[in-house]
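Asker: Straight out of Swiss-Prot:
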- CYS371, CYS374, CYS394, HIS398: Zn(2+) binding site (BINDING)
- 565-618: coiled coil (COILED)
- 723-817: repeat 'Filamin' (REPEAT)
- 832-875: repeat 'NHL 1' (REPEAT)
- 879-922: repeat 'NHL 2' (REPEAT)
- 926-969: repeat 'NHL 3' (REPEAT)
- 974-1017: repeat 'NHL 4' (REPEAT)
- 1022-1065: repeat 'NHL 5' (REPEAT)
- 1107-1147: repeat 'NHL 6' (REPEAT)
- 114-155: zinc finger (ZN_FING)
- 366-412: zinc finger (ZN_FING)
Amino acid sequence: MATIVPCSLEKEEGAPSGPRRLQTEIDVDANDSGNELSMGGSSSEGDSMSHHRGEHSPNHHHQDNHLGSGPPPPQFTGSLFDTPPSMIQSPQQQPQFQFNTGFGLGLPQDSFRCSVCSKSSTIGVLPFVCAHKTCQSCYQMTPSSYDRRACKLCGAVSTATANFTSQMYLSPTLPSPPRGALMSDCSTPTMNNHINSSTPLHQPRAFSFSLSGMPGSPSPVMGARMPSSAGGLMMRPIGFPDSDSSLTSWSPLQQPSQLSINNLSSIGGHQQQSPMLMQNVFDSLAVNDDTPVFSPLSPTNTSMHMPPSLMASPDVPKHSATIAPPRNSMCSTPRLQLATPMSSQSQQTFPIPSPLGSQPQQQQPMGPIQCQGCESKISFAYCMQCQEALCIHCVQAHQRVRATKQHAFVELQQLMATLMSRAVQPQQAQQYTQNVGGSVRQALGSVGSGDVFFSGHVSGVENDSIGSGESSPRSSSVCGTHDSVIIGICENCPHSVLLCAICVAQHPGKHRVQPLGDIRVAVGEVVNESQLLQWQCEKTGDTIKQIIDGIVTNATTAENEIRAAFDTHVNALEERRKELLKRVETVKNLKLSVLISQAESLQSKQIDLQQAIQTATKLMDSSDCDEMVLRQVFEKLASCQMGNEGTEPNNNILNVLMLACQVNEDDRLKFTAPQDGILLNKARQFGNIESGPCAKNSSIVGDSFKKAIRERQTVIYVQLRDACGDLLSSSIAATQPTSQALLPHQEPHSHLEQAMPTSDVQAFVISPDGSTVEVTMTPRENGIVALSYYPSIEGSYTLNILVKGTPISGCPTTMDIRRGRNYDEIAAKGPILTFGKEGSGDGELCRPWGICVDQRGRVIVADRSNNRVQIFDKDGNFISKFGTSGNRPGQFDRPAGITTNSLNNIVVADKDNHRVQVFDENGMFLLKFGDRGRAVGYFNYPWGVATNSHNAIAVSDTRNHRVQIFTPQGQFVRKCGFDSAYFFKNLDSPRGLCYLPDGQLLITDFNNHRLAVLSPRNMSEMKVYGSEGDGDGMFVRPQGVVIDPEGHILVCDSRNNRVQVFASDDMRFIGSFGLGPVPNSGFQMPQELPAPYSSLGGPFGAPAFSSAPTPLTPSPRQLLDRPTDLAVGPDGRIYVVDFGNNCIRVF
């Protein structure tokens, strides 16, 4: 990349008056490949020098035709850039080499060859940084114009992403270069940020920069062909009159000064003029030759992104002044303010920014800033990534290191101009000025935050001197986010955000956008973006139609599959039914045949026996019966009893006796169905329909998310349900990146691709200042999605959760983020209020234990020794009471734990009655459950109670060393903990209970001096925290426990006479309070408290050996005496039961 350096404008000795020459120097950077470009004094002459002195040199040719005999051109020893042979020999350039006449005069006047379709045309577009133009018909092909990123012939990149000014274009200098404008100012029509080139009104000239000679040697300058007063031609730059003109010289060793060019035409006026008006100015500063050059912006050139005046050089720049295109944005693409000619009689001053140029004299001057790298030289530029001001040598060293090679720099002059333009008050500008020497992070913001530096409105004075009356910045700057032209500024945003066409489409809220610069350019950019969005809507509509057709097709397929599956199973059941019926028939027939055969045999034997018996009876009754006849009767009877007629010895096994006494079959025939209805349950759950999450039926779990703490990770739980209202079996698929693109057949534009959803579930959190907060999604079981974010400021945040682009139930909603509680301040200040004293009257307490705050903000206290429950307002004023001593419903015997559920019902552990009672919010008895015993559902001194969001009741069964869970109606659900003396007690006399936000149950293990956490999914697994002691995180007889609105765990460390605070996520110790205030803090013990209860001095009612209780860990600043329970009100107040002092402390 080259830097054009005008040094001076003066008369040349010995030359006639009129033509003047501009001495130029070029500061050249070495590319990454190691090929350094030669400057004056280089030893590489030979071919390069003969090439510049050839007869086809444009300089030589031009001077012979127009200037006649003039001074010989200087000697040049190389070109600034090298053109690859593949580019010279490309198919689109080969036909043009035959017109070897220089300046492109041999090419037809009004035609060029399209690089895509190879057709000749007169109007085209320069979409890339090479010379290969594209006709408008090829360029406007949709959507290919959005997909092209590099030239198909040479690989050059797009002009929109180049590190070069959009008003100046360097093409490869070919013997016959392409026609069309090689320059364009901000009024040039653009299409998708590409230069729209057309045939110029006057003869164009291709040009390149080539250098040689010693620094300061004269160089030929091509001027515009203008008639002089003598009627001849004179050579001078456009905008420089015949009178003496000069440039103020600047040296890095001198003080910063304001550079100016006298009598130069104003910038910013007459936008309707030809876009070629600046060409003559650059032509006058350029040396024309036919040396092939290559754009520094091509992919083969990896020069750094930095201002031209910061290009690497062996030493401090030798030139006396530098003209660097001022950059209008933080992006690395420099932009040049354009000058349009005005009347030659106009005498104006054009201030040119110098590298160390300060603000105008009206602004407060800034002293030299020391380099933050070497700390020995004056700073020259500011690294946007390192956030450091560096000198020129440190900048060069920055570019030699691979890790910092691609860092972007901004000159301090431009940086200060931008900061001053942002400053609303002089004090703020002074602060910015001071921050540059130290840390400008606060002034600049983080790199990549989307802020765009706009140097066009440095100050009102400078705008008046530069512009032509326009008060708004020029629209030639580029958006640092989308690399698109800035077209407007938001009037509603706090910092007047600069917007490109893409930013306007993505800008949140209905803000008013004021166009900048040429309104035609702004409208054109918005039209281009609108056309892209229109095309996107059309493609999305086509996709919706495809999805609708897919839904209908998939529904039909699912119906057919359901019918087929059920028919298959029904057929199988029918076949089984037929088989079982056949088996029944077979068994029935067999059994019946056997029994019928046996019955027939028995009937035959019976007849035979009957006849034999009758014959024998008659013979026996007759007196004249001879012996022979009787013998025959005997044989007949014996034959009938023996059965078979066979003579085998064992043939009479089945004799008549056995036939008569035993039945050959039974009636056993029974159908056995599947056990426990397994098949029936499976049939009822047969199959499943997967349709994904439905926004209408999905919702946020609970409402605690509406209040969160600043600078603390906050988690929101979302319950996903399908279209039928059923829980999703898994939420993993809904939070994973989708594999189906929104446009299946077209590759979208880059910013449209970023706007596409990557999963079914999307969550957006907008902070009070309008910025987006990063949200992390984590899938859980049963369709639960955990959304976590980190609020950094206080205020009202907006939450919107989308399922497939549709807000879920209850969204969008607001969340109140506030500053977290400081427990160190609570410990230092002590209690803000104390109420209650020893006694049995209304508002008086006797050894209270449990406490809770209901949904109405009332404070409910279990007055244990008075066998009642008292209700107070938030300030401790007595409201009502209920309960008396006894064992009937509504009566108590030393009530202990107390809590409320979501229905605002009051749940009380009636300790010595070994039961739990439930009351409504007015104290009316509802139900009771439990009795003394060891079986499930029975208690042995229940102590603490807790309820969750489902109103399940957890009870600490102290003497049974377990915790039992019940339904809201008192039905037993499960237990945890050992209740046998033969096992080690993992819970030893549990006391306090509370449910954590994630559903886990937190228990104070009284005799083990620790905390236990049980998971609701597996009650047999338990985590324990803490041990016995008086250090932080250690306990002695812990009792009550509660969760505050910020998620902190508060534990009553009873015998240490304090309350300890822990983080719920990792049980990290945060602080403690409850001791007396620091001396001289202004706090005094409340006077209404009586002396310690003398009759009961031991802990928890044990016989006393002295008149006053003696704590286990005495403290000189003791305030609490064995705190037993605590509760947190909706306003954040902490109510602590001071057991030993028979009162309630409020913090």
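Cβ coordinates come from backbone N, Cα and C, glycine included.
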Asker: Taking only the residues in the repeat 'NHL 2' (879-922), give me the average pLDDT of this model.
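Answerer: Averaged over the repeat 'NHL 2' (879-922), per-residue pLDDT gives 94.
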Asker: Under a criterion of Cβ-Cβ distance under 8 Å and sequence separation of at least 6, what residues of the same chain contact CYS394 (Zn(2+) binding site)?
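Answerer: Sequence-distant Cβ neighbours: CYS371, GLY373, CYS374, LYS377.
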Asker: Looking at the binding-site residues CYS371, CYS374, which sits with the largest number of other Cβ atoms within 10 Å of its Cβ?
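Answerer: Neighbour-count leader: CYS371.
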Asker: For CYS394 (Zn(2+) binding site), which of the three DSSP-derived states applies: helix, strand, or coil?
Answerer: helix
Asker: Do you know the DSSP helix, strand and coil residue counts for the zinc finger (366-412)?
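Answerer: Summed over the zinc finger (366-412), the classes give 10 helix, 11 strand, 26 coil.
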Asker: So what sits near HIS398 (Zn(2+) binding site) in its own chain, CB-to-CB under 8 Å and at least six residues off in sequence?
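Answerer: Same-chain residues close to HIS398 (Zn(2+) binding site) (Cβ under 8 Å, separated by 6 or more) are CYS383, CYS386, LEU390, THR404, LYS405, HIS407, PHE409.
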Asker: Using the recorded Zn(2+) site (CYS371, CYS374, CYS394, HIS398) as reference, state which further residues of the same chain have their Cβ within 8 Å of the centre of those residues' Cβ atoms, listed in sequence order.
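Answerer: Sorted by sequence, the hits are GLN372, GLY373, LYS377, GLU388, LEU390, CYS391, HIS393, VAL395, ALA397.
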Asker: According to DSSP, how is the repeat 'NHL 5' (1022-1065) divided among helix, strand and coil residues?
Answerer: 3 helix, 24 strand, 17 coil
